[in-house]
Amino acid sequence: MNALITTAVFGIVLMFVGLFVKNKQQIKYFAIAGTILAFIANWYDGTLAGGSTVLLHGMVEVSRFSVLFNGVAIASTFLYFLLCGSAFERVGEDVADYFALVFFILSGIMLSGSFSNMLMLFLAIEIISIPQYILAGADKKNLKSNEASLKYFLTGSFTTGILLMGIALLYGATGTFNIREMGLGAGDLSPLALCGIILLAFALAFKVSAAPFHFWTPDVYDGSPTVFTAFMATVVKAASFIAFMRLFYVSFTGGSLTHHWQLIIALITAATLLIGNFTAVFQQSVKRMLAYSSIAQAGFMLFAIVSDNEMATQGMILYAAAYSVATIGVFAVLLKMKDYTFDGYNGLARKEPLLALVTTIFLLSLAGIPLTAGFFAKYFVLSAAVQAGGLLWLVILGVLCAAISAYYYFRVIMAMYFKTGDAETLPITGGFKAALLLAAAIVITLGVFPGLLLQFL
Amino acid sequence: MLTVLLILIPLITGLITFGLKGPGAKVFSLLSSLATLAVAAVAWTQFQSSPDSLQFTADWIPQLNSQFKVGLDGLSLMLVLLTTISFPLIFITVFSRSYDRAGSFYGLMLLSQAGLLGVFLAYDALLFYFFWELALIPVYFLCSMWGGERAVPVTFKFFVYTFAGSLLMLVGIIYIYFQTEGSFSWQSFTSLSLSNGEQSWLFWLFFVAFAIKMPVFPFHTWQPDTYEQSPTPVTMVLSGVMVKMGLFGVMRWLVPVLPQGVYMWQEAAIVLSVIGIIYASCIAIMQSDLKKLIAYSSIAHIGLMSAAIFANNEQSLAGVQVQMFNHGINIIGLWIIVEVIEQRLKVKNMGELGGIATYAPRLAILLVIVSLANIALPLTNGFIGEFLMFSGLFQYNPWFAAIAGIAVILAAVYMLRMLQKVLFGEANALTATTTDLKSGEMLAMACIVAVIFVLGVYPKPLLDLAAGIGLQDAVAAVITR
């Protein structure tokens with residue numbers, strides 16, 4: 001709760017700070033301080049929670065899981081500000097507002113792991129979404145940015161309708177909004193409730209950009225200012241997954257209930273893996289490749305949803321951390337490049353060896369190579385699916401897609417190391433390099449000792 | 001603790017080497033590889049007195065109940081010795097060369113050594129997988145950065161092949177992990193009894209991963225190009241040591257863990273291996289490219305070893321182990337000579353060579369010796385292993401032994417023809433300029449030739465290692481079931 005309040009209040013404070021402080025560097029430091037403050041508040045929540053605490057008349061439930069994910073999200077945002085914060089001022093004038101919007105998103109994220117009422121789920125999803133519509137269109141004079149914003153807004157509000165309809169149907173079937181009191185497990189499932197579950201699954205699949213609800217993703221991610229894509233594709237996506245997971249793991253689980261939706265989610269997973277990976281192969285721009293790669297990675301995170309067991313919970317946390325840190329890192333380097341195509345990376349290893357090295361570590365992590373966090377993330381979610389039983393076909397499809405993903409990630413590595421060229425970058429500061437090294441160190445540490453993170457669960 | 005040192009020395013020195021420049025990196029990595037060799041030698045003596053002291057276990061990922069569990073038995077000791085002997089030899093051979101970005105080159109070499117040793121020492125399935133991939137990544141960068149002009153796409157093909165294969169193996173590992181009630185240790189894997197149906201399909205998940213690495217027909221297509229395009233020191237690592245990962249994987253993990261699976265599919269695996277032997281030998285005869293010839297001859301030899309493993313009796317398994325070591329030594333010897341010829345004359349096509357024996361007699365004699373060892377002539381180290389493998393294969397099915405036996409004749413054909421074309425005949429303007437071996441190359445070749453003759457005449461130390469292996473239990477398990 002404290003983390004939620006801190007982030008929301010800090011967002012408002014930041015808007016006022018924008019009025020008085022004109023130095024953009026200072027605003028950035030202020031925002032970074034905000035994430036540290038939120039982290040401490042979240043830590044405090046964790047010490048209070050112990051097991052789990054229900055707050056606000058059963059609206060919110062703070063548990064170890066939600067505290068841990070909030071910690072991961074805040075830490076990722078901290079890294080994001082550190083690495084990409086300076087790029088905010090390249091988008092437009094209202095830097096403080098952008099930071100404030102990110103904080104509002106963050107306060108929605110704080111709810112995504114801890115809601116215990118479907119109304120709070122709706123609020124969490126909307127609080128996350130609305131600032132994103134604004135951020136997507138932040139580059140006001142750029143047509144592509146406008147298009148991204150409009151597209152995102154239209155499809156997003158459409159999905160909100162579906163989400164609400166799902167909630168309404170479930171309320172009709174069970175008479176409660178509380179996710180713990182629906183009691184769907186006992187007896188036969190009414191058609192009303194089943195429709196509700198399916199509608200919710202579709203709406204949430206849209207939010208996590210799973211196929212066939214992914215069509216907005218490439219255009220929105222490509223059209224939005226790159227610096228905001230970095231946030232939308234990482235922390236926000238992970239938060240949507242956490243909400244997805246929490247709802248389905250608490251309300252729609254147990255007995256035969258899982259079987260009602262498992263096959264549908266499994267098919268969505270398969271489609272997401274195939275579409276994400278195969279389309280990413282054909283991209284010419286690294287930014288667009290990362291957009292499709294985020295769809296492909298969503299396919300792997302869906303393994304955690306479909307498995308419906310304890311191991312999947314661990315896998316989701318690990319995946320959220322591994323994927324967010326690595327992708328933020330890749331985007332941070334992308335933001336420093338003058339040319340966003342693969343060819344723009346040619347010869348980066350000779351010019352900026354450190355940038356090339358850390359990018360390689362991040363990409364290896366995304367491909368799931370051992371010694372990086374991405375390996376254990378994939379390991380846990382795939383294991384969870386094997387443990388669930390009956391999903392072995394999906395697991396084999398998953399690993400084959402992981403092999404395909406190596407193709408497009410390694411294209412960047414090949415360009416950096418094995419091709420000659422003059423990769424032009426913006427000026428790179430020592431602080432930026434240090435932050436990149438910090439992110440790479442996190443990726444490798446979690447890649448050798450994933451227990452360091454999971455011990456908090 | 002010794003066992004951990006074997007992995008730690010190359011790992012840590014490898015990371016340090018990245019920061020070193022030119023000659024420093026060279027000397028430092030040579031010293032590091034010698035230190036690892038010394039540790040391996042100490043481990044060998046300890047193995048004879050108290051083998052239990054070589055086991056080491058520490059917690060790694062408590063949430064998964066995965067442990068950092070390493071240990072040495074005869075099989076892994078043999079491969080550890082091969083690895084630790086190979087790396088100093090390779091470093092000595094290329095000592096006079098200077099590589100662009102030497103720090104990274106030697107650093108990556110040492111990291112791949114750490115990965116290889118980890119694979120051979122791991123007794124925890126997840127740790128095994130971890131090192132299995134870890135050995136691959138440095139080699140990918142080595143081949144792509146210092147390889148020939150087509151190296152980048154060729155190496156990538158190699159990478160994707162092995163990566164896809166090992167991911168399938170990972171699925172198999174995960175599946176078995178859940179059957180053991182959550183343990184990755186080799187002991188719990190082997191003491192598990194899975195149903196026939198499960199073993200049947202799990203066999204293929206593991207077999208494909210290992211078959212790609214070995215490589216066994218029809219998974220071999222990455223190999224000739226990769227060998228040809230890689231810088232020669234890396235080719236030596238690949239062909240001398242890294243392909244043994246596949247064979248080792250079959251012996252350590254596939255046969256003991258899935259004995260019925262092996263029993264069900266052994267014939268299929270042997271057929272594939274035998275096809276590979278004949279097919280690769282025929283292509284080798286037609287080759288005019290020196291490096292590709294050796295690459296294909298390597299496929300044929302590995303095919304025989306793979307067939308012998310799946311024949312799965314005491315003699316064939318002992319033969320495979322002895323041969324794994326000897327093949328590694330011999331093929332490194334061959335590559336050293338090829339490297340010398342290629343460096344001096346800048347040609348790989350045998351049609352353009354000839355008459356080198358007159359101008360470089362020492363090179364000629366040594367090439368003849370390693371070639372004969374490669375054909376497994378008696379008195380060379382290749383003989384005993386090949387004899388054991390054939391007699392084991394014969395016990396399994398005389399026909400397979402007979403067909404695979406043709407490969408011995410074919411091997412003589414292509415190796416002797418290679419000698420004839422390269423060493424003898426008329427010298428041309430180019431080959432007349434050949435200079436003989438230099439001191440570093442001589443030193444490495446002298447070691448190899450010494451090993452060839454000593455083990456050819458007195459193979460007992462190797463056979464003792466091969467005999468003292470827990471594998472017999474696994475074989476017994478197959479027979480009794």
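Using N, Cα and C of the backbone, Cβ positions are placed for all residues, glycine too.
The structure displayed is predicted, hence computed values, not measured ones.
According to TrEMBL, the feature transmembrane segment maps to A:6-22, A:65-83, A:95-113, A:150-171, A:191-215, A:227-249, A:261-282, A:289-306, A:312-334, A:354-379, A:391-410, A:431-454 (among others). If you look up TrEMBL, you'll see A:117-404 marked as domain 'NADH:quinone oxidoreductase/Mrp antiporter transmembrane'.
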Paired segments the transmembrane segment (A:391-410) and the transmembrane segment (A:354-379) in contact, 3+ CB pairs under 8 A: yes
Range from A:6-22, A:312-334, A:431-454 with most C-beta pairs under 8 A to the transmembrane segment (A:95-113): A:6-22
Recorded stretch that, among A:6-22, A:312-334, A:431-454, has the most CB pairs under 8 Å to the transmembrane segment (A:65-83): A:312-334
Beyond the flanks of the transmembrane segment (A:354-379) by at least 6 residues, Cβ under 8 Å: 293, 297, 300, 315, 318-319, 321-323, 325-327, 329-330, 333, 336, 348, 402, 405-406, 409-410, 412-413, 416-417, 425, 428, 433, 436-437, 439-440, 442-448, 450
Intrachain residues whose Cβ lies under 8 Å of the transmembrane segment (A:6-22), provided they are six or more past its termini: 30-31, 34, 37-38, 41, 94-97, 99-101, 103-104, 106-107, 110
